[in-house]
Every structure is written in C-alpha cells, then in structure tokens.
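> Just passing along the structure, written as structure tokens.
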Amino acid sequence: MKIFNSITDFLVDRNSASPIVYVPTMGNLHEGHLSLIKKGKELGGQIITSIFINPLQFNNKKDLDNYPKTLNSDVQFLKRSGCNYLYLPDDKSILNNIEKVKASKKSKKLCGLNRPGHFDGVVTILNRFFNQINPDIVIFGKKDYQQYLIVKDLINDKNFNIKLIGSETIRDKNGLALSSRNNLLSNEQKKIASELYKTLKDINKKKKSLSQDLLDKKIDNLSSLGFEVDYLTLCNAETLEDSYEIRSNNLLLAIAATINDIRLIDNIILDKLS
C-alpha cells in the first residue's frame, strides 16, 4: 500500500488501466470499512482510501475533539485489507479556498432535523475529494442511508462521472450496526444498543398493523432502557418523505438514538407485503 499526503503524487502514480474505487473514511476503522474495501476488490479496481476527520460536519466541537484518532492501527488495518492507496491530506490542503456546497433537500429530513449544516459539511468535503481523486467508483455503507442518498444527489447535481455503490450494513453478533462510535461504548452499553436493531426487526414483523401508536410504544420501550430517541420513523426509501404505504417495497424504517451521549443510527428496508 502506498501512502500519499499530496494528491499530485497519487495522480502521478495511479494506474489508469484499472478503475479507481474510492472509500472515504474518517479513520477509526472497523470490519464495516473492510466490507467496503472487499466490495471494491471484487470489482477489480484499485482501492484508494482517505482518512480525514471532517471538521465541517460536526455540530459540536466537543464531538470533533473526542472523535477517536487511531492512525497507526488504521494504516496496519488497511495494509492487511489489500488497500492500494491511502490518502492522508492535512486540513489546510483540503479546506483552503474550498467551494461550499449545499446538500440536497433530503438533508432536511431524519438526522438533518437536529443536525443543521451536518450534511452540507459532508458534501462540501466530498466534492473536494471527488474533484481531486476523480474516482470511477465510490462505495458507501447503507447504515448511513440518508448520507448514501445525499451523496447520490451530489454526484448527479455536480455531473460527476462516478458510479455510486451502496454496501449493506455489517453487524456484530448481537445485531448492533458497526460504527466507529461503538468504540466509545462499554460492553454492557453495546448489548443495550443492540436493542435498536431488535426494535426495527420487531416492527418489520408487525408491518401489517403499522401505526404511529406502535412506533410511539417502541420509543417508550427504548426510553425505559436509557435511550434518548431522536426519531423512529417510516419514510419512502428514495425521497425520505414520511410514508405508511406498507404494500410498497420501498419503505425505510430508520432510527436515531443517544445512549450515554453516544448517538447511534440504524435502518432497514421493510419486507414487502405479499
């Protein structure tokens, strides 16, 4: 694996004969990131991963300061994964004279309701990286489903010639969606956090009788376990507009909740009623 601090060095070295598959990260890597790299390898591409803790997407400076920084172990992780290139830019090279980009209207839904400007920060940085790296393919995990849709809009709005691939959520043995934030949880808290996925699965089983009352009861159950639920909602999986069209095969059930000041998100696509 080759490590670059300058995008110019990468552009000189890249092999134009193979597609460039880009996996953007903020470091603190885990098996979920590995699944993205594996998917890229399956496509026969050269994998470039970036590690950049994006200050523009944090609403709270404390969250930015507390974000885990594990560069040495991340480098070893990527070497074992088969990653070809690692791009490690400094803040100045990315943020200086950066074009500020507004996220699509989907950014006003779900997580965007209580995190103003978050997705603007995400797409502003991605716009810079996409222009620098010029990848053929970019891979995002669908755990951050809203982000996945917003990135799709960015690619379309900016006319990037990039294929976006979504990778399914990777979970631990208890069903908890893998996330860098999980490292901030104790083992006991991780067990409690797995109730988020269990809640989504239980609602899926009861989809014939979906109602706001059912969702409210689930929120109460989670609150009794120590969660502060930001949202538990049903929406169209393409537009993120609220929806109870239970015979649709395109209904997203999404949740965001905080436990011990750690914010977690998860989602599933509901099974279609036959």
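Using N, Cα and C of the backbone, Cβ positions are placed for all residues, glycine too.
TrEMBL annotations: computationally assigned, not manually curated.
Summarising the annotation, TrEMBL assigns ATP binding site to 26-33, 141-144, I170, 178-181. For H33, the entry in TrEMBL reads active site, proton donor. Look at TrEMBL and you will find Q57 tagged as beta-alanine binding site. Per TrEMBL, the feature (R)-pantoate binding site maps to Q57, Q147.
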> Could you tally the C-beta atoms, other than its own, that fall within 10 angstroms of the C-beta of K142 (ATP binding site)?
17
> Across all chains shown, how many C-beta atoms besides its own are within 10 angstroms of the C-beta of S180 (ATP binding site)?
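So the number of other Cβ atoms within 10 Å of S180 (ATP binding site) is 17.
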> Given Q57 (beta-alanine binding site) and M26 (ATP binding site), what distance in Å do their CA atoms have, once rounded to a whole number?
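For Q57 (beta-alanine binding site) versus M26 (ATP binding site), the Cα atoms are 11 Å apart.
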> Can you tell me the CA-to-CA distance separating Q147 ((R)-pantoate binding site) and the residue listed as 'active site, proton donor', as a whole number of Å?
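Answer for this pair: 15 Å between alpha carbons.
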> Where's the emptiest Cβ shell within 10 Å among the binding-site residues Q57, Q147?
Q57
> Please report the distance from the Cα of S180 (ATP binding site) to the Cα of H33 (active site, proton donor), rounded to the nearest angstrom.
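Rounded to the nearest whole number, the Cα-Cα distance is 10 Å.
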> Given H33 (active site, proton donor) and I170 (ATP binding site), what distance in Å do their CA atoms have, once rounded to a whole number?
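Answer for this pair: 9 Å between alpha carbons.
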> Tell me the coarse DSSP state (helix, strand, coil) of H33 (active site, proton donor).
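DSSP assigns H33 (active site, proton donor) to helix.
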> Using a 10 Å radius around its CB, how many other CB atoms surround the residue listed as 'active site, proton donor'?
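There are 25 such Cβ atoms around the residue listed as 'active site, proton donor'.
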> I want to check the contact list for M26 (ATP binding site): same chain, sequence separation of six or more, C-beta distance under 8 angstroms. What comes out?
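Correct list: I51, F52, I53, N54, Y67, S180.
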